[in-house]
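In what follows, a structure is listed as structure tokens, so that the remarks can point back to it.
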Amino acid sequence: MLSFSKAVLCAIILANYAAAAPAVVSSSFASSSTAPVSTAASSAFASASSAVSSAFASASSQAASSDGALRHKSSSAPASSSTPSSTLSAAPEWETVAPASDDPNGVLWTEDSTSQPEGIRGTLGSNILGPQNIPIALQNPDLLAPPSTDSGSVANAKWPFALSHNRLQTGGWARQQNMDVMPIATSMAGVNMRLEAGAIRELHWHKTAEWSYVIKGSVQVTAINSDGQNYLGTASAGDLWYFPPGIPHSLQATDDDPDGTEFLLVFDDGAFSEDATFLLTDWLAHVPKEVLAKNFKANISAFDHIPSQQLYIFPSAAPPDNAKPVDDPQGQVPSPFVFHLSQVNATQLDGGSVKVVDSTTFPVSTAIAVAEVTVEPGAMRELHWHPTQDEWAYYLEGEGRVTLFASESNARTFNYQAGDVGFVPASFGHYVENIGNTTLRFLEIFNTDRYQDISLQQWLALTPPDLVKAHLGLDDETISHLSKTKYTVVGPA
């Protein structure tokens, strides 16, 4: 049958060649007359037809002979024999799909570079002729000159708090990130807040849960729950607090640090706005004083000095170090709202460390979990994904590089510096690489009660080796060295 196919193919090629011959005659010959062209075409076609007929006759004779031989071989072969399966005879993957490119795709510059950033990588792109914002270009090398592995489209997944509008108050400030500025971040939003020593973020509550990480200084928090049980605690640098939706609370900077405090707030709704908070002073300024007097069983004159508008953030004397909660006949809340993460020993890893806090260790935090990760220079947070929950990331120090794989050949690389917010939708494959010369430290925050991730390496190590080899063409030695436990952070090679 193979000889038959070849014969037919050759005949067809010959026929096509002969029929196409008039198309290549000289222009002088074509202009003289069209009759010779037609005659030539007819003669060529007749010759081609004869060739095809001869080829078919010869091929049919060979096929019949081969078929008879095959039938003879089949009848004389043992009953147990069989032809190779399509799987066993299939070409290896490197013969059907070209191997991935070996083009270098390292970071071309960093924010400290003195070179002029250009839209060039290898032989692709060209220099910039018009004006450019060089500091921003230096901070985002993989947007201006993306690696060749980037492809398709992925929504912007970076927002520097430095680009957020800042709300300035006497005693502090607040700036936020939400879907208005980073539309991809649909499930969580963040606020960066600063309070001078003694300053108060007034008594308030939210429709969403509030989670916080203290960046510097200390904060005294107070709250009560729906059972009337109260709470007072202090969160220092590296510590957390959490308030469920609707729980009223206050935040006040202590004077443990003369500069006061700065902290990160995260809310489990991407559309959250800090300006939509329920504030004590804002509410009472919009209730008739007669109603206030009746509600509190007090003389109406007692409310002569309530503010006419919200205070939001305002200065005050610092709380005492030995402050205690008000005596409460209902008792204290059963689960504290503060978690002292700063006092937890980090799990040391090959190239970094990690601390994980979720509802298993911080019971009240039922809507938000966190991993505090450090990655040393040259190391990386391993290739992984989170099965069902988005990741809202905050970079505390260092320089990081992240590529998001969004399926369907869509991938994009982003660069992050301290003070930046990142976002990774659920199930997007990604890594976090330290591209600087100092420790990279960041928070992975999730809208969930349990922290979860899936390691690419662990998955491959726990998959039958032949399957891995069939997909990736890895040799036995490489497969044997895959780790069956999570690295989380992978040290330098």
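From the backbone N, Cα and C atoms, a Cβ is placed for every residue, glycine too.
Summarising the annotation, TrEMBL assigns signal peptide to 1-20.
Annotation source TrEMBL lists region 'Disordered' at 69-126.
The compositional bias 'Low complexity' annotation in TrEMBL covers 75-92.
Look at TrEMBL and you will find 161-304 (among others) tagged as domain 'Cupin type-1'. Under DSSP, residues within the domain 'Cupin type-1' (161-304) fall into helix, strand and coil as 23 helix, 62 strand, 59 coil.
For His204, His206, Glu210, His249, the entry in TrEMBL reads Mn(2+) 1 binding site.
Over the domain 'Cupin type-1' (339-480) the predicted model carries a mean pLDDT of 98. Residues annotated as domain 'Cupin type-1' in TrEMBL: 339-480 (among others).
Taken from TrEMBL, the feature Mn(2+) 2 binding site applies to His384, His386, Glu391, His430. Using a 10 Å Cβ-Cβ cutoff, His430 (Mn(2+) 2 binding site) registers 24 neighbours.
Positions annotated as active site, proton donor by TrEMBL: Glu444. Applying an 8 A CB threshold to same-chain residues 6+ apart, the list for Glu444 (active site, proton donor) reads Val370, Ala371, Val373, Glu391, Ala393.
Put simply, His206 (Mn(2+) 1 binding site) is 33 Å from His384 (Mn(2+) 2 binding site) when counted between their Cα atoms.
Other residues of the same chain near the Mn(2+) 1 site, with their Cβ within 8 Å of the Cβ centroid of His204, His206, Glu210, His249, are Trp205, Phe243, Ile247, Pro248, Thr277, Phe278. Rounded to a whole value, the Cα-Cα separation of Glu210 (Mn(2+) 1 binding site) and His386 (Mn(2+) 2 binding site) is 22 Å. Taking His204, His206, His249 as the binding-site residues under consideration, the smallest Cα distance to His430 (Mn(2+) 2 binding site) is found for His206.
Taking a C-beta cut-off of under 8 angstroms and a sequence separation of 6 or more, His249 (Mn(2+) 1 binding site) has the following same-chain neighbours: Leu203, His204, Trp205, Glu210, Val221, Thr222, Ala223, Phe243, Phe337. Taking the C-alpha positions, the distance from His386 (Mn(2+) 2 binding site) to His206 (Mn(2+) 1 binding site) comes to 27 Å.
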